[in-house]
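Structure, as structure tokens:
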Amino acid sequence: MPVPDSDVAALETIALDKRYRRVHALSECSFSLPSGRIAALAGPNGAGKSTLMDLIAGIRRPTGGEIRVLGTSSRSFSGIHPDVSYLAQRKPLYRSFTVEEMLKAGHKLNDRWDAEYARRLVEQAGLTPKAKVSTLSGGQRSRLAIAMALGRRPAVLLLDEPLAELDPFARREVSHALLDEVRNQGTTVLMSSHIVADLQGMCDYLLCLVSGRLVLDGPVEELLGAHRVRREPDLDGAAGSTVSPVVEAAPASPETEWRAPTLEELVLSRMAPPPHGTYVRAVSS
Amino acid sequence: MTWLAFRQQRLSLIVSAMILGPLLVISGLIWLWPATVPEALTETLAVDYAYVSVFMLMLPPLLGTFTGAPLFAREFEQGTFVFGVTQSVSIHRWVWTKVAVAAVPFLALLAVVGVTSAYARDGLPVRGFGFFSTPGFETHGVILGAYGFMAFGLAAALGIVLRNTVAAMALTVLLYVVIALVVGGMRSYDIDTRTVTVPFTEASENPAATAFAHAARSTGGVSFLDEEGREVTGRYYECGTACVMPTEVSISYTSMSSYFALQAQEALVYTAVGGAALAGGVIVLRRRLD
């Protein structure tokens, strides 16, 4: 894995645009993700998360704009950028292969493949080399798929709904294993999910897409600090209940009835279609 | 990439080899070393040649469809397409390596079986199927490989378009039958057939017997005529004196040079159809990624 230059963004998009015939899937999407960050890519279904992932992974071509990985334009490569690895939501693994054969496939298909590292990740996951992929549990398949993605020694790891279809125990196990590894390796991660609760506590950077447009972009702490949830009476006027309208940018002089939102509240507030807005339920006092 | 493609196609390659291997060995032995083949086997093959021919007629569409349809459709069904195209290999290398590894071995074997079986037929006391008639024409010569390629190309392309293995298989079989019937139907217009009528006395003594022996292997038409010129139907040689014995033999024949030319011509048509289908499938795949 190349050593990232701290001055160069690990992943940068400039006015990225994608159209599917008449549908605008992604519009003028620009962001700059610093190296070593674990970024959440949030947004409702159909917001353009998978399209953005596909474009960065080189599976689809952008209609306009540019993608840069460690300062190198993705246009220089016909497929995926060599410093990017992609783990799709369905955990693409050949069912008839054994774990060992999957690792061999990774080795055969990649110019840069760390066989020792991939094997260590598989061993840490407790996977038997001779076990068939079809016999693995959901959590085990996820661990193998992560090993396959990290075996390329990427500078940027793209994870599309990595915890989807996993039970709560497997979610915790997989997310811990994944985060430990990418933090140790200094890998930059872009992780998509429409379940914001999955992202809370895992990510230190947030990108939020709504209807193909980037509506939030920045470090999580900064974004949360810049917003407040306002407590107000229930829409029905019931006493004691606290239903707050959309999270708003923090006012210059904070008032007592304002508090910092959670990541989930912040993201949900941006998913609301105008003009009604999304009402975020705040904690009752 | 070659290793991955081979590993994915391992089962279908083994099945193809298990089906085509014995055919190749038997037809090769009958052609090259007929003395080594037990007489009982030769006799059985000759008697049951109709079954052998029908089996060989079905081989190209079956092997082509079962090899071609899952080649890409299964990648879409199982989501492994994304894995294949997000590694260091280009999409074109991924596609064409899979095609080459899946298609070349079984198509080459199919074509070789077609050629050896054409020569082996000379060593069998087979009557009834002319070289130009169905299924004689379709089951011998290099055209067997061309049929296989057409089925494979259609199946692989439909697998890309439909992203469903079963649907791709069903549609491939349908298209294959239609194309084979249309092209096969045009064959009779291309054949320069000549007919001679000679007296029939004793098959073993009459010169017609020689012509008959040749014609039975090289043309689609041999008629036995009675005194009034009407066609005598049935297997006259099994009737004995109870049957109306033919007085003349009308033989339609075509030279073997026409046969090879026609084989090459039709093989080109089927190869072109298979190639065009594959190219179309790759274009669809590229557009889908744009």
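Just so you know, glycine gets a Cβ as well, placed from its N, Cα and C.
Here is what TrEMBL records for this protein:
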- B:12-33: transmembrane segment (TRANSMEM)
- B:49-73: transmembrane segment (TRANSMEM)
- B:94-120: transmembrane segment (TRANSMEM)
- B:140-162: transmembrane segment (TRANSMEM)
- B:169-189: transmembrane segment (TRANSMEM)
- B:267-285: transmembrane segment (TRANSMEM)
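Between the transmembrane segment (B:94-120) and the transmembrane segment (B:12-33), three or more CB pairs separated by 6 or more residues in sequence fall under 8 Å, so the two stretches touch.
Comparison of B:12-33, B:49-73, B:169-189 by number of C-beta pairs under 8 angstroms to the transmembrane segment (B:140-162) places B:49-73 first. If one looks beyond the transmembrane segment (B:12-33) by at least 6 residues along the same chain, the residues whose Cβ comes under 8 Å of a Cβ in the stretch are 6, 41-42, 45, 56, 59, 63, 66-67, 70, 102, 105-106, 109-110, 112-113, 116-117, 119-120, 122-124.
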